[in-house]
Each structure stands twice: as structure tokens, then as C-alpha cells.
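Here's what Swiss-Prot has on this protein:
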type    : residues                                               : note
BINDING : Gly30, Lys31, Asn32, Gly33, Leu34, Gly35, Lys36, Thr37 : ATP binding site
Amino acid sequence: MHISRLALDHYRSWSQVVVDFVPGVNILFGKNGLGKTNLVEAVEVLSTGSSHRTSSTLPLIERGQTTATIRANVADDAGQTTTYEASIHARGANRARINSGSSLYLRDIIGKIPSVSFTPEDQRLVSGDPGARRTMMNQAAALLEPGYMQTLQQFTRIAKQRATLLKQLNANANNGQPMDAVLSGLEIWTGQFIEAGVVLTRMRAHVISLLAEPFAAIYADLAGAGEQVTLTYAPSFDEVLMFNDPHPQISEHFQRIYPGEVARGVNLIGPQRDDMNLDLAGIPAREFASNGEMWTMALALKMALFEIVRDRLGLQPIVILDDVFAQLDDSRRAQILDFARKQDQVLITVAAEGDVPDYESAHRIDVAALAEPASVILPTLGNLSDLRENESLGKYDGKTAVDSASVERKVS
């Protein structure tokens, strides 16, 4: 499986761009600020429904616009091409289409184009705050757990409503206003919060259990003989790991922390506070592991995710190496390059073409050239949103819109 063509419309810095990829290694090179990362991030969003760079969809949309569109032609091993389209909205639900068909939710196409991204921020999976690790859990579970994104979206909506009621209770208490109606509403939303939270927690627990063994094995292979690593789940609803039916215990927990929640106006427990533990020799790695050990753990974690997604979905994920080579020493650079050579498709971004060792068969894309207005404007190109009227991306009146390294971009 590989992406043969990617088209973006009002996505971050790109007003309009169409770029061709090939099976194997694709190297996107160019100075920082040209939009290399935005191109491969769009693949990540189409694949997982989210970006590791932001928890909000608003930054994904070009300034001054209300919608960003991502389209990709994806060729399977049998040579069949399918067009996937995602529409990212500043307001309202994000939508998707397959082969210009009926409108779907974005979550309905997650996993159709599996990908695993390696980024400069990966070290934060070990050293950073829990938010980075939750983002990875969400992206992994979106690929591996059917219905996960729908459950996550439902939980997020419930959590926001419950937090609003907690703030209202605090305000009513301070102003001497009645609280009975708000308390009744809080009880209802707390029940829904627990129900959705337990489902979410169990899904995440399953994903972490899948990753734990290959993570340890891959780390040992990368690092050689030495300390052992472990990966465990640290749910806020730890009752889920202790009881078959944890609802009563979680409800009691909420009763104990009720005063604190009202005082602060936030949900003090729940999946929004989950974490995962990465330990080296039985000690939290973030507390004492070296920079090199943290990078090796991060690489092992992403490689383990690749392995599990490949084995469970029966598809070879697209590998994204986004500006990682400057962060790695020679040994780890060689390890990740050896891993990349074995994959169906790899998208590599670098600041300079020489930053990555030579691949004889690599398809090289000069991002600076992509950013330049085309010398010839095809009269039938129009807005990229019109592409769905054609049989596939890149077909305009029977002509190919762009060749392997060219692009059409309209700069506003």
C-alpha cells in the first residue's frame, strides 16, 4: 500500500498543493518554514484523525479560511486506487469521503491508511508531560480499537459538560443561589462520564498490553545487552484494573473528591488524566535515563506500534520520518534507516538533501519548488475542492495535472 498523490486545500501554510509520491523512499527537502512538516502531518491526520502537533483542529486550517481539505490517492497491493478525502472544519464535525461517495465522519476512515510517525518530539514520550503520551495512546487506539474515536469524542463532550456544571455549582455556592437543579444534572453527567470513561480506559489498557512485549524486545535489539525496559498503563480510573465492575468504586471516588472538584471547576479524575509508565531497570526513565536511552525508548515504542498495526490490520503502515535525523546520533540514525528501507512507503523530511544518506532509488521532492507558483496554469484545475468531480486526483480533461515532482499552488 502507498499514497500515490496527495492534495491539500487550505491546510496550514498550503493554500493549494498537489504532490506525487512513489512506493519506497520519498525525501522532501527544503529550508525550515516551507511546509515540509505540514505535508506529512496531513497524511498523519488522514490516517489517525489527529495530529501529534496539536489537540485542536483549528491550527490545521489556513488562516482566514473555515475549512481545510486533505485528499490522497492510495494504491493497494493489487493496484487498485482509492481516493480518501477529509474535510477539517473550524466549527462542526470533521467529515470524510471515499471515492467521492456519501459524506462520512472522519473517524469512519481512520485505519484505512495506517501510518506511524517518527518526529523530533518523540523524546517527550519519555521525558515530557502525560499529554504527549495520551496523544500517542489515542492515535494508537484509533488504529487498533474499532469505535475508539467515537468513544473518545463522546467522552470529551461529556467531560466538558460535567466541568461546566462544576463551575456553575461553584458560582451558585459563592452567590447563594439554589444548587439542587445543578446537582441533579451533575449526577446524571457523572454517570455518563463514568460509563464512557470505563470503556475508554479498557480500550487503552488493551492497546498498552499489545505494545508492551514488542516494545521491550525492540529496545533490547536496538540497545544491545543492558537494562530492561517495561511499558505499563497508568489509568486515572485505576479501579478498572482491579474490579470487573468498577462503576460503584469510581462513583465513591467521585463522592470523596466532590468538594475539590467544585472548588476548582474541573474533572479531577478520568481518562483525560491517564498516563503510561516507561521504566528502565524498574525506575521511571524520565527521572534518570540518558538522552540516548530516551531516544532509543521512543524509537522502540514507535517501532512496536508499527509492528502491532501491521500484524493486526494486515496492512503495511506508511512510515513518516519528520526531521528526525538531526536529533539522532550515527548509531540510531543507522538503525532507523535500516528499519525504513524495509517498508512499503517512507516519507522523510529534511532541511537539506544531504542530511539523509543517499538512497539510489529515492524519490526526491524539492519543497521550495512546490511552493512556487507554477509556470503553466492548467485552465481546468480550478479549486482543489472540484477534484472530487474527476475520476481520481490529478485527472483534468484527460490530462495529468502534475508530474512526479511538480505542483500547483495558488498563493493568496
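Yeah, the Cβs are placed from backbone N, Cα and C, and that goes for glycine too.
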**Message:** Long-range neighbours only, meaning 6 or more apart in sequence with Cβ under 8 Å: which ones does Lys31 (ATP binding site) have?
**Reply:** Ala351, Ala368
**Asked** Near Gly33 (ATP binding site), which residues of its chain come within a Cβ-Cβ distance under 8 Å, counting only those 6 or more away in sequence?
**Response** none
**Fill in**
Apart from the site residues Gly30, Lys31, Asn32, Gly33, Leu34, Gly35, Lys36, Thr37, the 8 Å Cβ neighbourhood of the ATP centroid comprises Thr349, Ala351, Val367
**Prompt:** Other than its own, how many Cβ atoms are within 10 Å of the Cβ belonging to Leu34 (ATP binding site)?
**Reply:** 20
**Request:** Pick out which of the binding-site residues Asn32, Thr37 has the most other Cβ atoms within 10 Å of its own Cβ.
**Result:** Thr37
**Asked** Would you say which of the binding-site residues Gly30, Gly35 has the most Cβ atoms within 10 Å of its own Cβ?
**Response** Gly35
**Asked** Just how many other Cβ atoms lie inside 10 Å of the Cβ on Lys36 (ATP binding site)?
**Response** 24
